[in-house]
Structure formats: C-alpha cells, structure tokens
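Asker: Below is the structure I would like to discuss, written out as structure tokens.
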Amino acid sequence: MGFKSIFLLVAAIFVLFSQVNATPDYCDTLKAGKLPDNDVPWRGDSVLEDGKLAGGYFDAGDHVKFALPMAYSMTMLGWSFLEFETKIAGCGLTDLYLETIKFGTDWLIAAHEEDNKFAAQVGDGNVDHSYWGPPETMNVARPVFYIDADHPGTEVAMEAAAALSAASIIFKDRDSAYSTTCLEHAKKLHSFGDKFRGKYSDSVTNAVAFYNSWSGYKDDIVWGTLWLYKATADEALLTKAKADYAEFGIGGMAQGNSHDWDLKAPGACLLMAKITGDDKYKTDIEAALNYWLPGGGITYTPGGMAWIRQWGPARYAATSAFLAAVYGGDKYMDFSKKQIDYLLGENPKQQSFVIGIGPNAPKDAHHRAAHHSLTNDINNPVHNTYLLKGALVGGPGNDDSYVDDRTDYIKNEVACDYNAGFVGVLAAHA
C-alpha cells in the first residue's frame, strides 16, 4: 500500500504556503504534496496488517480509523469540490482533490463487506492511545468493530452513503465505472442504515469515549437521503427527506449549534434550501447561520473568532464559514472570510492556527507521527521532529489564549474533520 496505508491530514495535502499577507492567497494556501508519492517523505508503511482495510485515514493525532469522522470528511471534501470545482481548477488542484477523495472512498467501499455489514472502526482507541510513537513502529492489536443488522449503526451507514453519493456525482463523467460502484454501495448503505436503525456508539462501545453519537441518528438519515437524492434524482428520496426532516425536527435541531461529524442538521437545512428553493428551508438555514454572526448568540473571542465550545473551536468556525460560503450572500461571505482570515493569523495577536503557515504558526501539534518519539514519551523530543504543514489545530480559548503545547490536546490536536471544513472554505475564497 506504500505510505497510502497511513493517515495524512487533509490540509497537509492541500496547504503549502509559508506566510499570510494582508490579502491571503487562498489558491496557494490549498496547495501541498499529493497522496501516494513521497512528498511527505517522513511517512512510511504502517498497519499493513489491516489487510483489505489498510488504506483510508487515521483519525487525528492517533492511529485509529474511525469510520464516522472519516466518512464525514470525505462527504465534506466532496461537497466543497461540487460547489467550488471551478475555483479548485483555477488553483490547479482538481487532480489532487479527486485523488484525496478517492483514497477515502476506496476505504469506505472496502469497509462495506456485505450489504448489511460495515467496518465502523479499526483499532482499539484505548490501546492505541496508550502508545505514543509513529505509526510505522506501532505493534499493537488492530481489532475491527463492525455494525450489522443485529448491531446497527445508522449514523455510520448514512454518512458513508453520503460520502459515496457525493463521489458518484464527482466521478460520473470522469470514471463511470467507479461512479457506478460508489452509487451501488451508497444505495445499499442507505438502505442498511434506514432499515436497521440504531445509535452506532451503542453497538461499537469502544467508540463512546472518542466519537460518541450525541445527536443520535435522525439528522444522519436526512443527510444521507439528501445526498443519495442528489446522486440519483429519485424524487421518492426527496419526498422521504422532506417527511423525515419534518418528523425529526431537523430545522430546530440545527439552531444554535455547529455542523460537524456528529450533527448534520445545519448541512441538511442548507441542502434542502438549495435543492428545493423553499422559503421554509431558507428560513431554517438562515436562522442557523445568523446565530454565528456577530450579535447572533454565539460567543466571539475579543479578536473576532466565532467560538462555540472548548474542544477544537477552530474546526467549528471553519466549517460554519464553509456553510456560509455555500449559502452565499454578502453578510455570510463577509463572516466566512473573516473567520478563515482569523485562523490564518489575521487577528490582534497575529496568531495562526494552521501549522507552519502564517505568523506565530503552531509547530508542536498533538500528533504522534509528527512528534516522532521513539521512547513512547510525549515530552521526548521537546519539539516535534517533523512539521505537519497545513494542519488546523484545535484553536484558542474564548479569550484568544493559545499556547503551542503538544500535551494540550484540546487546543493542539489535529484531525481529518477539522481540516475538511477548513479546506472547503479555502476553496470558496480561492
């Protein structure tokens, strides 16, 4: 599998510029090395014992493959490509985007072992987190945790269906055979998730401490159905999505909250508004976005970042900025640009939250491979051996406070889902 068998942060693939000017060059910000070559020479083969589930992406600074945030990240990358394909092409990044998406969707296809069986997680989170070292030297058990008809996991099945639906649209005129394969799996996963309903973290209890499903699966059903509708134009799916949207109260669920790996309600509102043009869905998404604007209800740091919660606030700001850019309109585009510029270092403290990019950029991310300890010690060496360039860290406190401290995983861990929204909003402003 080469080094494709290991996790690469999504923005480390895209981002390759060294400083932020008064007007950031968003095209340059998206660029970086591509997946299967040696543009990241400090990464090598790892977890080949995962067999047919080798490949895919490690979740974050650890070495577990959590299918829910991985699939979510692929859906978000697919969405950004579909929305901003022209801008991505203008940056010369079409092939890189496609390769990055396909590397994730290839894994989702491999994980879908039977119609009603899917690998929801590879690796024991507790065992994995007891090891602090690069994945190339890791030698721990790699159990696979499945969802099936007797152990349902609607969230995971629906998110995988969404990601593969988006990919099927993207590859339809580029690789028709692959597009067809993606759509076949998307349909079966959607059926599986809808027919055998259950909260995935009740079935995969090892995930509870890491990616518990707090919002439940109702938002995921609508989200997955809308993406499958976009891929098929099957009006029965849109009818179902509208009915479920109303029954589940998706519009209300989206208010005062973030769009993220757990909660898809804001994105479902946005898709409904764009697909139908119906004012009631526009009202829902505008209310959800307005919460994020100054005076809308969300906390703002003194420096101007929309801050919703302690753990990884930068990801939520970036993803909300992406949704705002997709919806469009002057006030939403202004919000979107200000948030991304803040993250790139245009703030009173001139503090970037993207590793290796912008003023005072972080270097010591909570990331085992970049740190490269050979003694299982988070403090040795003192600084990360390698620069994980382009990765969005968790972000500041609500007072703009931030210290580049590897041991502070709340502010300094990096993850696929952090970067998926971040890359999308960069594309929007390219």
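Cβ coordinates come from backbone N, Cα and C, glycine included.
Taken from TrEMBL, the feature active site covers HIS366, ASP404, GLU413. TrEMBL lists 30-426 with the feature domain 'Glycoside hydrolase family 9'. Summarising the annotation, TrEMBL assigns signal peptide to 1-22.
Have a look at these and tell me how they're positioned relative to everything else.
Answerer: Long-range Cβ proximity for HIS366 (active site), meaning a same-chain Cβ under 8 A and a gap of 6 or more residues, is found for GLY61, ARG406, THR407, ASP408, TYR409, ASN412, GLU413, VAL414.
Long-range Cβ contacts of ASP404 (active site) within its own chain (separation 6+, distance under 8 Å): PRO362, LYS363, ASP364, ASN412.
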Asker: Restricting to the domain 'Glycoside hydrolase family 9' (30-426), report the mean pLDDT as a whole number.
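Answerer: A mean pLDDT of 94 is what the predicted model shows over the domain 'Glycoside hydrolase family 9' (30-426).
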Asker: State the count of C-beta atoms found within 10 angstroms of the C-beta of GLU413 (active site), not counting that atom itself.
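Answerer: The Cβ of GLU413 (active site) has 21 Cβ neighbours within 10 Å.
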